[in-house]
Amino acid sequence: MTYPNNGNPQGYGNQPQNPFGQQPQQFNNNAPTPAPYQGGQPQFGQAYPVQQYPAGVEQKSWVAAMLLAFFFGYLGAHNFYLGKTNRGIAQLITFVVSAVTLIVIIGFFIGGALEIWAFVEFIMIIAGAGGYDRDGRGIPLRR
């Protein structure tokens, strides 16, 4: 039996040899595993996720966040309002610790640091910097 493709039964003809041998396939840990070749069908990359907001969600007010930060920043009220609960809890606990330790004078330093923290966040809300242009869900503040 003779084969028309130079003696190759698969029908591909003589293929040149790779002088470097078979290279191992390397994968990027962040990239999806490539699909095997499927005969001429185009391969498309993975689409990026689209930011979607829940239906009927109202934007938080920038003015309300600013006023809460100015008047009640030491209690973390602006962070609770914006949905940044962990920061609000940290500020509230810091306030309680400073109030309890006022008797041994260290509370003045803790309270002073808390006031500086609250004032910096007040300025960040005004400037819209450091993530304070959005609430805890990523929805922009209404100005």
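Glycine too: its Cβ is placed from the backbone N, Cα and C atoms.
The compositional bias 'Low complexity' annotation in TrEMBL covers 1-32.
What TrEMBL records for 59-109 is domain 'TM2'.
The region 'Disordered' annotation in TrEMBL covers 1-43.
Annotation source TrEMBL lists transmembrane segment at 62-82 (among others). Within its own chain, the transmembrane segment (62-82) is flanked in space by residues 88-92, 95, 111, 114-115, 117-119, 121-122, 125-126, 128, 132, 135-136, 141-143, which lie at least six positions past its ends and keep a Cβ under 8 Å from the stretch.
Positions annotated as transmembrane segment by TrEMBL: 89-110 (among others). Sequence-distant contacts of the transmembrane segment (89-110), counting only residues of its own chain at least 6 positions beyond either end whose CB sits under 8 Å from a CB of the stretch, comprise 73-76, 79, 117-118.
Within its own chain, the transmembrane segment (116-133) is flanked in space by residues 62, 65-66, 69-70, 73-74, 76, 78-79, 82, 91, 94, 140-141, which lie at least six positions past its ends and keep a Cβ under 8 Å from the stretch. The transmembrane segment annotation in TrEMBL covers 116-133 (among others).
For the domain 'TM2' (59-109), residue counts in helix, strand and coil come to 44 helix, 1 strand, 6 coil, using DSSP.
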